[in-house]
Amino acid sequence: MDLGNQTRFSGFILLGLSEDAELQPLLFGLFLSMYLIAFSGNLLIILVIITDSHLHTPMYFFLSNLSFTDICFTSNVVPKMLLNIQLQNKVITYEDCITQMVFFMFWGDVDNFLLPVMAYDRFVAICHPLHYTVIMNPKFCGLLLLGVWLLSILHTLAHGLLVLQLSFCTELELSHFFCELKQVVQLACSSTFLIDSVTYFVTGFLGVIPLFGIFFSYMKIVSSILKIATAGGKYKAFSTCGSHLSVVFLFYGTGLGVYLSSAATQNSRASAIGSVMYTVVTPMLNPFIYSLRNKDIKQALRKLFS
């Protein structure tokens with residue numbers, strides 16, 4: 001079915017987290033608050049890093065990109081959800097649904113690839129401190145970021161083109177608050193064998209490789225830290241990794257938890273509720289993790305507000 005035929009139906013219906021009318025004002029207030037905190041917190045991290053010359057290092061360069069990605073990631077989902085609650089309109093057009101799904105995959109991929117790059121940065125800083133500035137030079141950091149974006153674009157493009165080949169016959173309901181790839185594919189009238197196969201293979205591959213990279217980097221980091229003679233030196237080395245590790249556990253822990261639980265129970269509404277963790281809660285918590293556990297960020301914040 002071509003695109004013209006696909007757009008004849010009025011669109012998908014996003015059922016959201018709850019169909020209870022009494023809960024809608026509460027959900028609106030809760031998600032608006034979390035979104036504003038996530039947006040302003042990550043924007044503040046970016047401003048602090050840009051304005052403080054002491055933070056113009058590879059570590060904070062990647063952190064500013066992570067904050068920018070989190071802003072885009074949550075902004076792709078939450079404003080549409082808030083608008084639907086406010087207008088009491090759950091319909092999303094085919095074009096808007098595909099666009100939201102594509103950008104959700106893209107920004108999720110950027111997050112996924114940025115975290116192992118940040119782990120590699122900490123690996124070089126702790127295991128090869130004398131060569132850190134030579135290895136992590138601006139050109140190399142730029143190439144790493146370019147690689148993150150290219151991989152994300154290729155992965156998203158592959159899935160996006162496959163989704164465009166699917167046919168949707170009638171007005172369809174999604175037990176979610178945004179257009180998530182798996183649920184959209186499940187509602188297709190045409191065969192989904194190809195996209196299912198590609199999704200399982202590519203998602204598994206792109207999920208395992210970054211996790212392996214993070215695991216390998218921190219194995220080397222822990223091995224190097226244990227060789228440090230003084231307790232103060234060990235604490236300082238561990239403290240530089242603590243924030244990143246917390247973000248890694250939040251992102252991968254919540255994301256894997258949602259997908260594994262949804263595969264086990266096939267409960268779409270439970271999956272939607274779990275998705276709140278990595279779409280809204282994790283981007284909201286990241287600025288607090290980095291500002292509360294990082295002395296450089298705290299000093300830069302004090303300088304900015306003073």
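Each residue, glycine too, has its Cβ placed from N, Cα and C.
Note: TrEMBL annotation is automatic and uncurated.
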**83-103, 272-292 - the range that TrEMBL marks as transmembrane segment** = 272-292
**Asked** Taking pairs 6 or more apart in sequence, does the count of Cβ pairs under 8 Å between the transmembrane segment (198-216) and the transmembrane segment (143-168) hit 3 or more?
**Response** yes
**Request:** With a Cβ cut-off under 8 Å, give me the same-chain residues at least six positions beyond the ends of the transmembrane segment (143-168) that come close to it.
**Result:** 1, 3, 5-6, 9, 62, 65, 94, 98, 101-102, 105-107, 109-110, 113-114, 117, 120, 181, 184-185, 187-190, 192, 194-195, 198-199, 202, 206
